[in-house]
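Colleague: Okay, these came from TrEMBL:
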- 100-132: repeat 'ANK' (REPEAT)
- 132-164: repeat 'ANK' (REPEAT)
- 165-197: repeat 'ANK' (REPEAT)
- 199-231: repeat 'ANK' (REPEAT)
- 278-310: repeat 'ANK' (REPEAT)
- 405-444: domain 'SOCS box' (DOMAIN)
Amino acid sequence: MPWGKNSYPHWGHHLGCLPSAPACRVWGPHSRPAWETPRPSPLLCQDMALQNALYTGDLARLQELFPPHSTADLLLESRAAEPRWSSHQRGLWSLTYEEELTTPLHVAASRGHTEVLRLLLRRRARPDSAPGGRTALHEACAAGHTACVHVLLVAGADPNIADQDGKRPLHLCRGPGTLECAELLLRFGARVDGRSEEEEETPLHVAARLGHVELADLLLRRGACPDARDAEGWTPLLAACDIRCQSTADAEATTARCLQLCSLLLSAGADADAADRDKHRPLHLACRRGHAAVVELLLSCGVSANAMDYGGHTPLHCALQGPAAALAQSPEHVVRALLNHGAVRVWPGALPKVLERWSTCPQTIEVLMNTYSVVQLPEEAVGLVPPETLQKHQRFYSSLFALVRQPRSLQHLSRCALRSHLEGSLPHALPRLPLPPRLLRYLQLDFEGVLY
C-alpha cells in the first residue's frame, strides 16, 4: 500500500504517530487551550483501492478501510480538470495537467455520494478543509448535490467561506439543480449579498449574467440588493441585458429569459438607467445583443433613447454595430422601437455603410429609410448589396433603388410630417388619436416589405 513520505501504512491504528503541531499555543482568536491536543496534520494517501472506493461510492469497502477510531482526514492527489501553462525552463512554456491536492470529503461531495460523506464526517474529516483551494461545500454546490450540501452544513461547514478564486458557495450555484443548494445555504446563514473577493460580484450578479431566473427571484425575495455594483461598476441589470445569444436556435428563448430577469430586477427597484464606468447603460447592452423585448421594456421605463456612452455611441449605434449574431434576434424591432421613442436618425452619409452591413435584413433597411422624406443613397449603392441578396429580396430592393433621389408618396410624406411634429412622444400621443389600428401601425413604421 503506497503512501507519502514519513506516512504509515495503517492510518486507522497509528494516530498517535501522526506528525502534529506543538501541544501548547499562544492564546488568540484561532488558538486552542493549552490542555487541548491539536489535531494532527493530514497525511498524503496514495492507496488506489481507497481512491477507487471513493470515486465509485463503494460504502461497504470504505467502512472496511475506515473502521471506528480511524481518521478520514487525508490528502489525495488528483489531476487538474484543465491544462495550465507552466514554465520549467526560462522562456519555455508548456501546457500540462498539474497535480492538485484534494480530500476524500471533496471526492464524495463532488460526486454526490451522500452516505460516504456521512461516514467520512463520522471519521473526523474536516468539513472546511481546502487543500486545493475549494472546500467540499464548494464542490457540492457546483455539482448541484443538494443532499451533500445539507449534510455538510449540518456538520458545520462555513456557508460564507471563499475559495481560491474568492468565490463563496452561493456564487457556485449556477447550473441546473443548484436552486435547492442556494436555498439551503441561505437557510444556514449564507450572506445573500456576499461578494467575491476580486470581481466583487454578488450572487445576484452571477444569476443575472448566466440567465438563472429562478435563482435571481430567490435572491431578491431574500433581500438581495438589485443595484449592487461590482468592481467594474456593473449592476445585475447591466449583466442581464448583456446576455448573449449562443445560436439562432436559442435566440427567442435567450431574449425571453433576459426579459424575465430584467422585469424581476426592475420590479425590485433596480435603476433602469444605471451606467457603468464607461457610461454603458442597460439600453446600450440590450440593443447590442438584439433583445428587442428588453429594449421595449427599458424604453417604457422612461430611459433616454439618445444616451451616449464614453465612446459617443447611442443605443441606435449599438443596435447597428452589434454582432452579426444579433440578426437572429430581430434587429429591425430594436431599431424601430428606438426610432419610435425619439432616437436621432442615422446620419445620411452613413446610410451606405448601414446598407452594406445589414443588406441581408431588409426590414432593418426599410424602417431606417422610412424615417426620411427622401431616400438618401448614392446611385451606385446597388453595388453594396450582394447579387444573391438582391435576388432573394427582389421586391424590396427594386422599390428602394427606384426611389433614390426621387419623391416619396404623399402618404409617406404625411407620416414623416406627423412623426416630426410629435418627435419622441409617439408612444404616448398616438393611442390618443382617433385613428384606425392599421393607420396607427403605419405611423409606428409597421413593416410592409416595400417602400413607397
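All residue numbers here begin at 1 and follow the chain in the order shown.
Just so it is clear, glycine is given a Cβ too, placed from its N, Cα and C backbone atoms.
Note that the structure is a prediction, hence the values are computed from the model and not measured.
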Colleague: Let me spell it out: take the domain 'SOCS box' (405-444), skip the flanking residues so only those 6+ beyond its ends count, and list any with a Cβ under 8 Å from a Cβ in it.
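Modeller: Apart from its flanks, the domain 'SOCS box' (405-444) reaches 299-300, 305, 336, 340-342, 370-375, 379, 451-452.
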Colleague: Per DSSP, how many helix, strand and coil residues does the repeat 'ANK' (199-231) have?
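Modeller: The breakdown for the repeat 'ANK' (199-231) reads 17 helix, 0 strand, 16 coil.
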Colleague: Give residue numbers and ranges for long-range contacts of the repeat 'ANK' (278-310): same chain, 6 or more residues beyond its ends, CB-CB under 8 A.
Modeller: 237-238, 240-245, 251, 254-256, 258-259, 262-263, 266, 272, 316, 318-319, 321-323, 325-331, 333-334, 337-338, 341-344, 424, 427
Colleague: As a quick check of your reading of DSSP, tell me how many residues in the repeat 'ANK' (132-164) are helical, how many are strand and how many are coil.
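Modeller: Per DSSP, the residues of the repeat 'ANK' (132-164) fall into 17 helix, 0 strand, 16 coil.
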Colleague: By DSSP assignment, list the helix, strand and coil residue numbers for the repeat 'ANK' (165-197), in that order.
Modeller: 13 helix, 0 strand, 20 coil
Colleague: Would you report the average pLDDT that the model assigns to the repeat 'ANK' (278-310)?
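Modeller: Summarising the repeat 'ANK' (278-310) by its mean pLDDT gives 96.
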Colleague: What is the three-state DSSP composition of the repeat 'ANK' (278-310), stated as helix, strand and coil residue counts?
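Modeller: Split by secondary structure, the repeat 'ANK' (278-310) comes out as 17 helix, 0 strand, 16 coil.
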